[in-house]
Structure formats: structure tokens, C-alpha cells
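Copied from Swiss-Prot, the annotated features are:
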| type | residues | note |
| --- | --- | --- |
| TRANSMEM | 36-56 | transmembrane segment |
| CARBOHYD | N102 | N-linked glycosylation site |
| CARBOHYD | N122 | N-linked glycosylation site |
| MOTIF | 147-151 | motif 'HXXHC 1' |
| MOTIF | 197-201 | motif 'HXXHC 2' |
Amino acid sequence: MSDLYAHRESDEYLLKPEHFAEKKNRPKRWDCLRPIIYTSLAFVGFIEILFFGIFFAQATRKTPERLLGELNGLVGNFPARRVIFRSDPLAASDHKTEESRNATMNNWLSYMPRGNGFIAVNQTERYTLPPPIKQLGQDTYSIAVFHQLHCLYAIMSVYDDLAAAKSAADLNAHHSRDDTHSNEHPHEQVHVHSHDHVDHCFQYLRQSLLCCGDTALEGQDPRTDNPGTDGTGAVHICKDFDGILAWADSRRLVDAKHN
């Protein structure tokens with residue numbers, strides 16, 4: 001190859017060879033963006049996996065059963081509230097006068113809704129329930145707390161009768177949830193306060209106390225210096241009873257109520 005040809009060949013380069021070397025060594029824009037893009041895609045993928053994982057967990061998780069609530073969700077959900085146990089002078093009679101007994105009865109009635117806490121439930125076969133109470137042409141059930149109150153009042157009423165030395169005839173005049181009271185309101189019932197009924201109330205209330213399992217801490221009885229407690233002054237975490245009472249009253253079967 002002649003020197004002239006070699007010179008000519010080199011002159012045909014539009015750019016000097018050094019320019020290509022610089023361009024080859026310069027990092028491309030894609031090389032700079034690649035880590036950012038990969039990181040972003042990985043982050044989006046992680047978020048999607050997390051989202052679907054949470055969604056799947058929520059879809060398959062069973063709703064937790066509310067403490068002391070109704071298993072099937074047929075009764076409203078009532079909030080918990082702090083309640084200080086206080087003495088109520090009308091909670092028990094003086095065991096002497098009819099006036100005092102009537103005042104106590106009315107005091108207890110204030111905790112009972114109209115209809116005594118019986119409600120109607122449709123399509124009972126869809127739920128986990130015991131056989132319904134057939135009354136007023138409907139399938140009905142008793143809300144437990146009002147049955148419990150009724151039982152406790154029944155025991156106290158018998159105690160009043162014994163304390164006042166009532167006759168056996170008078171013992172047959174009290175109302176209960178066990179026997180038919182009238183054709184108009186078959187859910188209102190009359191019962192002779194026999195041993196069977198009182199024994200039932202003792203057992204039922206014991207079961208209710210065991211179910212509630214109240215673990216509030218109770219302190220010294222303020223009425224005496226002797227070691228002991230009457231339960232007053234302790235703070236308990238309770239359901240909103242006013243809410244329960246209003247809920248039951250709004251779904252009553254009849255307007256009458258009794259202890």
C-alpha cells in the first residue's frame with residue numbers, strides 16, 4: 001500500500017478515531033435508568049403480593065365471636081362501658097310491707113323491656129339455634145339477660161314471701177315464664193313458685209355467672225372495718241345495658257311486661 005493511498009484512506013474518516021473511543025466508553029442513559037426501573041417493578045410487585053395476601057386472609061378468616069354476644073348475629077352489637085357498682089336501696093324490699101315490695105318490683109321492672117325480651121326470628125333453620133318458642137303464630141326466642149333477671153327476681157320474691165310469712169295461697173299468685181298466663185299473651189306465664197322453679201333459677205343463674213366470668217377486682221366493704229367486700233366501688237367492663245334494653249323493646253312482641 002502506497003503512502004498516498006494510506007493518507008487518502010485516513011482522510012475518508014468523517015470523524016477521528018478518538019471520537020469513537022470516547023463514545024464507546026460513555027455510559028448509556030439506559031444503563032443509568034435500569035436499576036431504578038427494576039427497583040420500581042420489584043416494589044410494585046411486592047405491594048401487589050401483599051395486597052392479595054391481605055385480601056385472601058380477610059376473605060378466609062372467620063368473624064370472631066363476640067364475647068357474650070349472640071352466635072348468629074341476630075342481636076345487635078352493643079359497646080362495652082365502664083360501670084361502677086353502687087348500692088341501690090330499691091333493689092330489695094324491707095321484707096315487711098307491701099309498699100316496699102311494690103317499690104322494689106317497679107325498680108326491677110325498669111330493667112325489663114316491654115314484651116319481657118322475647119323476639120321473633122324468621123327462617124330459624126338457617127341459624128344455630130335451639131327449637132323456637134311457638135307463640136303468637138311466630139317462632140320466638142328469649143334474650144338471655146332478661147331471663148336471668150326474671151330468675152333472680154323470682155328467687156328474691158320467694159325470699160320475701162318466706163320473710164313475711166306469706167300463706168301458701170299467696171305463693172301461687174306470682175308470674176313467671178313457665179306456665180300459660182292467658183290466651184291473649186301465651187308468652188306471659190303464671191307459675192307456682194315450687195322447688196323446681198327456684199332450683200331452676202339457682203342453676204340457671206350459676207351458669208350465667210360462669211359464662212360471664214367477670215374478672216373485675218372488688219375491694220373492701222365501705223360499711224364495715226371487718227375484712228370483706230360487698231362489690232360496691234369496683235369498676236366493671238359491662239355491655240351497654242340501656243342499648244340492649246332499647247333494642248329488645250323495639251322488637252317486642254307485645255307491650256305488656258312483668259318480672
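Backbone N, Cα and C define each Cβ position, glycine as well.
Summarised by DSSP class, the composition of the motif 'HXXHC 1' (147-151) is 5 helix, 0 strand, 0 coil.
Not one residue of the same chain 6+ positions outside the transmembrane segment (36-56) places its C-beta atom under 8 angstroms from a C-beta of that stretch. Residues 108, 111-112, 116-117, 176-177, 200-201, 204-205, 208, 259 of the same chain lie 6+ residues outside the motif 'HXXHC 1' (147-151) yet bring a C-beta within less than 8 angstroms of a C-beta in it. N122 (N-linked glycosylation site) sits 37 Å from N102 (N-linked glycosylation site), taking the Cα positions as reference.
Across the range of the motif 'HXXHC 2' (197-201), the DSSP-based residue counts are 5 helix, 0 strand, 0 coil. Summarised as a single figure, the pLDDT of the motif 'HXXHC 2' (197-201) averages 82.
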